[in-house]
Amino acid sequence: MMSYSERLGGPAVSPLPVRGRHMVHGATFAYVPSPQVLHRIPGTSTYAISSLSPVTLTEHSCPCGEVLECHDPLPTKLAQEEEQKPEPRLSQKLAQVGTKLLKVPLMLAFLYLFVCSLDVLSSAFQLAGGKVAGDIFKDNAILSNPVAGLVVGILVTVLVQSSSTSTSIIVSMVSSGLLEVSSAIPIIMGSNIGTSVTNTIVALMQAGDRTDFRRAFAGATVHDCFNWLSVLVLLPLEAATGYLHHVTGLVVASFNIRGGRDAPDLLKVITEPFTRLIIQLDKSVITSIAVGDESLRNHSLIRIWCHPDTTEASTSMSRVEAIGSLANTTMEKCNHIFVDTGLPDLAVGLILLAGSLVVLCTCLILLVKMLNSLLKGQVMSSRRSSTQTDFPAPFTWVTGYFAMVVGASMTFVVQSSSVFTSAITPLIGLGVISIERAYPLTLGSNIGTTTTAILAALASPREKLSSSFQIALCHFFFNISGILLWYPLPCTRLPIRMAKALGKRTAKYRWFAVLYLLVCFLLLPSLVFGISMAGWQAMVGVGTPFGALLAFVVLVNVLQSRSPGHLPKWLQTWDFLPRWMHSLQPLDGLITRATLCYARPEPRSPQLPPRVFLEELPPATPSPRLALPAHHNATRL
């Protein structure tokens, strides 16, 4: 029988360690080859292990520290499949080419439906909560509080699922004199945070595979982390110094800015012919309620009568003004599904919400599957090229900024940062785009959506142009300031590290993604809003201890991972606390028991899944070909 080393084609390897020319006697142990080597040996196989336990052999003076390795079985699996496949015949090649050519228009069709479903989803949220959003904006006394204004911006943008809608309401209130520019800046910051919830929801659709879900959720939440970190720095700075207000005021005063054309509707030209057959909204009702026009309180958001030539002529004015201006023209009923149903806005909104979510999820799942099949043999080469396609050596640093330009340009074309970031989220999950590349693309997307707002502000009347343009510039300079804070130096790119940590946590506990959405975009903003309503004394009394505790925990976590020797021994880990205070494992057990309490247990196959985490590995049995001594605490295969 051939020995293991002879099957490798190399010299025999002693089962005992050798120091110099002398063999060290002691317990035998095996030298573990890499997965790539094992795949070349007939009759052997490897399992993907996300992390390896530390191996310490003190009796042989071979101490090994902690090892953290991540073996992705995809490269070797693809290589094996390519080697084992027979050479296809000409007819098979033609069939494969025809199938791939057929998948391209299908992918474009699913992408079109995906974008349309996002538009309908935004309309559904506006029908369900649009008037509530207008009422929130109406209370100017609340919005004068910067923290309350920030929370209002988050909640309203989450409600209407469109930062463009919330920003247009803010611009209308500022231009009408109901809201000062300084009070509107925190709301702009909040709308920047609220718009990132869409791609986070899209990432949930890839929860079936832990590795893909980890990458997709990290790529989606890097936008959230950037926005939250920017707000934590720039909101106190703005409240103390008025930085954005003064800078944008100087820019507006320095240039002779004149009104221009509306922002181009490049994407809506393609999507509106389909979405207008489903629903048409009169968004001026929300704006009118926000500016205090109670005459439209009982009007429906669903558009009934349309002008045959300019169906959107009344979007920038109230319904009463629109009817007055079009009194001498012919009006006709709008052509969409809900024009004659007589259903209330809330019912129509819930119907559209359910339908658009079903279409969105279906299109996304089919897009991911088709991308997988098209890129199956090229995913790894794409992943390698995505990390190596930098500019030549002296200009390597320009690559990220070029990605920002690409992200800004694409967002300007589609006129929606949510659409762009939601479109690249599945690619991040598949590994085609790395999170290091997705980060500058997302930052460029933030810039692209602000340029659209600037062009829209230039279409304002001359007497209202200054204030509306200043608000649009505040949005622009907020994102520019965030980029200067969190991108130029590699050590300052904290959003990437935070997003990766969230991705790992979510891949291990998939319910954590839903908890993250509820806490960050609903519960935490609502709690802060309620405390801010009690006055600044309550905010200081509650916020100061909480902020100090959060800063202490972050500092200790950094020292525990980087320099534990500088901490007292009892503080080098969190084990002195109850387990539920520093681990999600107890909560995960409760959720698992709650969800599976009525499920009938079924026998499971002993075969391991293709990708498993160390916490999920069953007790390992020694391999018959690589037998390890039972009394050694060696690495499990």
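These residue numbers are counts, starting from 1, taken along the chain as shown.
Cβ coordinates come from backbone N, Cα and C, glycine included.
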Say a student had to find the phosphoserine annotation in Swiss-Prot: which of Ser34, Ser460 would be the correct pick? Ser34
Gly400 vs Gly565, same side of the membrane according to Swiss-Prot: yes
Pick from Cys306, Cys361: which one does Swiss-Prot say forms the disulfide with Cys334? Cys306
N-linked glycosylation site according to Swiss-Prot, picked from Asn298, Asn633: Asn298
Other parts of the chain folded back onto the topological domain 'Cytoplasmic' (486-511), taken as Cβ under 8 Å at six or more residues beyond its ends: 207, 210-211, 213-219, 221-222, 224-226, 229-230, 400, 435-436, 439-440, 443, 584, 588, 591, 613, 615
Enter the number of other CB atoms within 10 angstroms of the CB of Cys225 (disulfide bond). 22
According to DSSP, folded down to helix, strand and coil, what is Asn298 (N-linked glycosylation site)? coil
Do the transmembrane segment (104-125) and the transmembrane segment (512-532) come close, with at least three CB pairs under 8 A (pairs 6 or more apart in sequence)? no
For the transmembrane segment (512-532), what are the same-chain contacts with Cβ under 8 Å, counting residues 6+ beyond its ends? 145, 147-148, 151-152, 154-155, 158, 194, 197, 200-201, 203-204, 207, 213, 217, 221, 224, 228, 502, 505-506, 538-539, 542-543, 584
Could you list the residues of the same chain, at least six apart in sequence, whose Cβ is under 8 A from the Cβ of Asn298 (N-linked glycosylation site)? none
Sort out the residues at least 6 away from either end of the transmembrane segment (146-163), same chain, that have Cβ-Cβ distances under 8 Å to it, and list them. 121-122, 125-126, 128-130, 132-133, 136-137, 169, 183-195, 197-198, 231, 235, 238-239, 286, 417-418, 449, 521-522, 525-526, 528-529, 532-533, 539
For Cys225 (disulfide bond), the closest of the recorded positions by C-alpha position, picking from Cys306, Cys334, Thr506, is Thr506
